[in-house]
Structures are given as C-alpha cells and as structure tokens.
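Okay, so here's the structure we're looking at.
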Amino acid sequence: MPEYYQGPNNSAKLKAVTLTLLASATILVTWRISWRLWKKVIGLPDYLLIVGLSLSICLAGFNLDPYFRWGYGYHKDDLPPEIQKALTPKICFWLNQVFFKATAGVIKLSICTIYMNIFSKPVLLSTKIARYANFALMGVIIAYYTGGTLVSTFQCNPIRKAWQGDIDGTCIDNTKFRVANAYINSFTSVLLVLIPFPALLSTGHRTKEIWQFLFLIALGLAHTACAVVRVVMIYVPNEGAATDPHWYNTTPNTLAMAEIFTAVIVSTIMTMRPCFQVVFSGIATTVTSTSRTRRTRMDSSGAMTSTASQIRRADRQGFSKIGTAKTEVLNIELQSRDRSTEELFVPGRHTSTKHENV
C-alpha cells in the first residue's frame with residue numbers, strides 16, 4: 001500500500017526516536033538482567049522491569065505500524081480513501097492509550113521497589129520519611145495507573161466505538177482525561193526523582209557509590225522533562241489534529257515514545273552502577289597497563305643506572321609496604337564495585353571489609 005502514498009511525510013522523527021530508544025532500552029535491560037542473574041541478586045524490580053520492557057515493545061509496535069503501513073506521517077488528503085477509512089490504525093492508537101498507562105505504571109513501580117529495598121532498614125528520621133513517602137507513592141501509582149488502564153480500555157460503550165466512531169454509543173471526554181493523565185504522570189515522575197535525595201544526602205557517609213547512585217537517579221530528569229513538555233503541548237493549539245491526525249499527531253506521538261522509553265532506560269541504569277564500574281575500571285586498567293609498559297621500555301633502553309639499582313634495593317622494603325597498602329585499597333574498591341546498589345545503603349555495610357559477591 002505504500003506505493004499509493006504521495007506528498008510530504010513527517011514520520012522520520014517518530015521512527016528514528018522510537019527505534020533508537022527501543023534498541024537502547026533492550027540492550028541495557030538485557031545487560032542488567034544478565035548481570036544480576038550472574039550475581040544472583042535478581043529480584044522484584046528486575047521482574048517488573050522485564051514486564052515494563054515487554055509492554056513498551058508492544059507499545060512501540062502499535063505506534064510504528066500506522067506510520068510504516070497505514071500512511072500516518074502524510075497529510076490525510078494525500079492518502080487514498082480506503083487507507084483513510086482503515087480501522088487498523090485506529091485500533092492501534094486505542095491500544096496505544098491502554099499500553100502507555102500500563103507501561104508507565106509498571107516502570108515507575110519498578111523504581112519504587114528499588115527504593116523499597118534501599119530503605120528497608122531505616123535508622124535516620126529522613127530515611128523513615130523517605131520509606132513511608134515511597135510506600136505512599138507506590139499506592140498512588142498502583143491505584144492511578146491501574147484505574148487509568150481500565151478507563152482507557154473501556155472508554156466507550158460499546159468498546160469498539162473507540163475505533164468505530166460512527167456507531168451508536170457513548171465515550172468519555174478523552175481530552176479532559178488526557179490532561180489529567182499528563183499532570184499525574186508529571187507529578188509522579190518528579191516525586192520519583194526527589195524522594196531518595198534528602199535521605200541519601202543526610203547520611204553521615206556520603207561514599208562515592210552514593211554520589212554515583214544519585215547521579216543515575218538525577219538522569220530521571222530527562223524523563224520528567226518529556227512528561228512536562230507533553231503537559232505544555234496540551235495548551236499549544238494543534239487545530240489540524242482533529243481534521244488531519246495522520247500528519248499533526250506525529251509530534252505528540254514522538255514525545256510519548258521518548259517519554260516511555262526514557263523511563264525504561266532510566267529505571268534500568270539505576271542499579272547498573274556495578275556494571276559501569278567494571279567497564280570503566282577495565283578501561284582504566286588497560287590505559288594504566290599500556291602506560292607502564294611504555295615506561296618499562298624506556299627504562300630498559302639505558303636509563304637504568306647502578307645508582308638507581310642501589311636506591312631500589314634500599315627502598316625494597318618500603319615499596320613492599322606500599323604495595324601491601326595498595327592491595328588492601330584495591331580489595332575495598334573491588335568490594336564496592338561488585339556490591340549491588342541495594343546493598344550499598346544497608347546500615348553498617350559501608351564500613352564492612354568483608355568481600356561481597358553481589
């Protein structure tokens with residue numbers, strides 16, 4: 001059917017954003033799950049993330065199919081009548097509403113369960129407050145996104161009126177529902193970023209791992225920004241959307257895809273600090289090893305004198321002590337590198353010297 005399409009097309013941005021973020025999210029989730037399976041620390045946040053990724057893949061399919069096969073991205077007047085009247089893209093966008101809310105709810109719940117594990121043994125008042133605030137947010141997320149998914153599913157009576165507007169029946173005011181959803185979506189996104197900061201910044205031991213974790217949480221602002229932009233766009237006139245949705249809905253749909261996949265990516269990397277540590281440490285080790293090899297070659301070319309040999313023999317014992325100290329520091333670093341994100345914030349763990357395997 002694409003051979004019948006003619007005229008300008010604005011679908012490239014939606015296809016590029018969706019496919020790029022989909023591939024990135026899939027790679028990161030696969031990496032995280034594989035790592036945590038290997039370390040035997042897989043838990044509820046990971047299971048929820050797998051469900052969230054699966055739902056987001058379906059969501060991407062419902063968005064891409066109309067743009068690849070049914071002329072979305074072209075002006076409506078440039079499409080043949082049979083394509084304009086096709087029900088398949090309308091069903092896809094009905095499913096898009098349902099799966100968007102379900103995906104957003106599952107992904108946000110995955111983040112909340114990470115916080116639940118981190119604040120499982122509160123000691124400080126700020127930690128207790130964060131724990132109860134997180135439970136409250138979990139309740140809001142479960143209640144709203146479950147309700148929102150059901151409302152989107154049964155928005156019309158009969159249900160098929162959602163994609164067959166010419167049959168008898170009634171539907172909710174989708175415009176008002178979309179506005180309410182945008183605000184609640186933005187509000188919960190902001191809270192997900194803010195909740196852990198006061199508790200983690202008030203700890204007496206702000207280790208490097210805590211700062212790294214807070215940085216990964218702060219990346220959630222990218223998702224929050226997408227949600228806020230979608231709220232703003234509600235108030236930007238889009239008069240052509242009613243008469244020419246094939247063309248004018250491309251930008252809102254692109255932002256929706258960016259928002260949901262950014263949420264998947266952010267929720268994935270929040271517990272991937274050990275994975276990144278291993279990669280960066282491996283790069284640093286390779287660079288250091290190369291540098292040492294070059295220095296050794298320079299020394300063997302004639303720079304080693306008898307005086308240098310005497311100095312090395314005299315300081316051999318001192319170097320041995322320094323080497324022992326460096327080994328101890330390295331062991332501690334390896335301990336924190338391999339430790340799962342949830343384990344880093346359990347009371348008393350930051351002072352332990354026992355090797356962790358998770």
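Just so you know, glycine gets a Cβ as well, placed from its N, Cα and C.
TrEMBL lists 32-277 with the feature domain 'Rhodopsin'.
The region 'Disordered' feature in TrEMBL is assigned to 291-310.
Per TrEMBL, the feature transmembrane segment maps to 16-35 (among others).
According to TrEMBL, the transmembrane segment annotation covers 47-64 (among others).
Among the features that TrEMBL reports, transmembrane segment is placed at 98-120 (among others).
With a cut-off of 8 Å between Cβ atoms, the residues of this chain six or more beyond the transmembrane segment (132-154) that come close are 94, 97-98, 101-102, 104-106, 108-109, 112-113, 115-116, 119, 172, 177, 181, 184, 188, 191-192, 195. What TrEMBL lists as transmembrane segment is 132-154 (among others).
According to TrEMBL, the transmembrane segment annotation covers 182-201 (among others).
Under the heading transmembrane segment, TrEMBL lists 213-235 (among others).
Per TrEMBL, the feature transmembrane segment maps to 255-272 (among others).
Sequence-distant contacts of the transmembrane segment (182-201), counting only residues of its own chain at least 6 positions beyond either end whose CB sits under 8 Å from a CB of the stretch, comprise 104, 108, 111-112, 115, 118-119, 124, 126-127, 129-130, 133-134, 137, 140-141, 144, 210, 213-214, 217-218, 220-221, 223-224, 227-228, 230-231, 234, 259, 263, 345. Comparing 16-35, 98-120, 213-235 for CB pairs under 8 angstroms to the transmembrane segment (255-272), the maximum falls on 16-35. Mean model confidence of the domain 'Rhodopsin' (32-277) amounts to 87 (pLDDT, 0 to 100 scale).
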